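Q: Structure provided below as structure tokens; questions to follow.
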Amino acid sequence: MKQLYTRWGERLDSEHILQEYPRPILIRNTDYTILNGEWEYTFTENSERPVEYGGKILVPFSPECILSGVARQLKPEEYLWYRKEILSERWNVKTERRHMLLHFGAVDQMCKVFVNDTLVTEHIGGYLPFSADITDYICEGKNELVVMVQDDSDTSYHARGKQKLESGGMFYTAQSGIWQSVWLEEVSDKWVKHIDTRIKKYVEKERSEGCLETVKIEIYVESNKINEKIPVEIEIRFPEIYSDSGSNLTETESFLQRLPEVMMTVQGKTNSWIEVEIPNPKCWNCEKPYLYYMHVKMQGYRPGNVCVDEVESYFAIRRFEIKNDRHNIPRMYLNGKEHFQKGVLDQGYWPDGLYTGPSDEALIFDICEMKRMGFNMVRKHIKIEPERWYYHCDRLGMIVWQDMVNGGERYHHWFVTYLANVMSWPGLTMKDNHSRLLSRQNQDGRNEFVREVKETIKLLKNHPSICTWVIFNEGWGQFETKKITDMVRNLDPGSMIDSASGWFDQGTGDFQSVHNYFFPLKVKPEKIRAAVLSEYGGFTFGVEGHVASEKKYGYGSYKTVSKYKKAYEQLEDKVIHLKEKGLCGCVYTQWSDIEDEINGIYTYDRKINKLENDVSDVR
């Protein structure tokens, strides 16, 4: 496979890798240290601690990608070891009743973390963040941090997305290890762990549909002391739009210095809901993504210092719902107004970083370009991004359909891909209790999927850009769809649910969700659920010098850019006509090429827009 580079990968500064604050929805202005950069690494054939490390790796790039400096596959029977020496000259956590937290954005797939030879935490699951309080294990001077990683990839039931050891077609290079930011954060002995916000009640103005007079919200400040009710004070600022603040890599550090004035102050207790009434609210939407920033102070009784912790967070007021229009057709509404969602499939792969975007600016580029091209929604396809990506969607006004990451045993593609495609055209389906055919026979794997669904929702539900949870995709590891849909509804009643995207519909969720690459486009509205074309298109055209593979994968191949553009335009015209017949949303496949797949609007290296740039008619 030919190695491609993005413009951000080409100018990567190995001394300053992804230095932005990793958790923008919960910012603590105390000392923190980003540990991204050069670490030592080695591969071993067993779990015995290595004495020597074989080279240098740039964290958080996985060893399989070129930007890591390694470019080597971790095999299921191997172990990957990381080592980094950390200096603690300015740490006084033990004498000042403070704590040191070690955060990992994501490590794929199973890992153990050691500090000074002591196991401090272990984690299973390659897509979700985890932390450890390492206060009791650090010392003055030098400290050794070691991470051991294993990755079964597609040989087990764990969540893996599109990763495959034998990549090809619609499945891509398997990656492993640390692939999101690693950082240290100093906190007091009592600290804010999480903030949850939810809408309790909308009060609309009379004779003004969609215009709100007041909104009652509830805020939940979770502390590390779950059994204590600690006083909190919350300053809520006037709403503002921050879409112009991300043209460079320092928007978090800069705009927090110029936040709007305080609108109101409320008091309450930690680990309980605090009710707040917002008068004349400004709602979040794609054109005007208003955010309400809040400053949360957790009070204490320490002599000379009343505030024991303080953080910045934000929320937005927005309402996604499905209602029937005047023709009794179910439609999607945003803040009381009918809203067609024109989406694009984004799998979050980069030719030089694989799962890891080469810079924060690269993430911003993709979102801004999607909006410029007329998309108001992105379906994040079976991958969970770093939280900064969702933060940028929040402030830029991009709606997100978030897929849960698929797992299960090896898939039977003759069934879930080929036969299922044929069955979908006449609307045939089947029950989801065929565990062998749907690769969900292992009970541990089922339990793990349910746990990760819960953790994903807790992590992301407070991002206002999150509109829809996509639970299963094309039957990959599908099981107990109705039960899991009910669970998701209970965990996040403010978002919508696509229970089974593509096929094997179980009649639950908010959408009749169809994938159609091979047949004439059509729509047959139901009485309650909205009709969406959750995947379509996938037209292929390779741009010479910007393709990674000699193989071609996609749906409908075009040898000239003029024919490719014409096919795309004709397809979009058909979608427009389907809106009148009941179509409520669509997701074009896809945003960028990925390895064998050359069906992206952008090339894999993000250098050529096939629909706009002047490219050769010959691949």
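Any Cβ shown, glycine's included, is placed from N, Cα and C.
When I checked TrEMBL for this same protein, it listed these features:
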DOMAIN    81-184  domain 'Glycosyl hydrolases family 2 sugar binding'
DOMAIN    213-318  domain 'Glycoside hydrolase family 2 immunoglobulin-like beta-sandwich'
DOMAIN    332-502  domain 'Glycoside hydrolase family 2 catalytic'
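Describe the structural context of these features.
A: DSSP assignment over the domain 'Glycoside hydrolase family 2 immunoglobulin-like beta-sandwich' (213-318) gives 8 helix, 59 strand, 39 coil.
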Q: Count up the helix, strand and coil residues in the domain 'Glycosyl hydrolases family 2 sugar binding' (81-184) according to DSSP, in that order.
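A: The breakdown for the domain 'Glycosyl hydrolases family 2 sugar binding' (81-184) reads 6 helix, 53 strand, 45 coil.
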Q: Given the model, what does the mean pLDDT over the domain 'Glycoside hydrolase family 2 immunoglobulin-like beta-sandwich' (213-318) come out as?
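A: Here the mean pLDDT over the domain 'Glycoside hydrolase family 2 immunoglobulin-like beta-sandwich' (213-318) amounts to 86.
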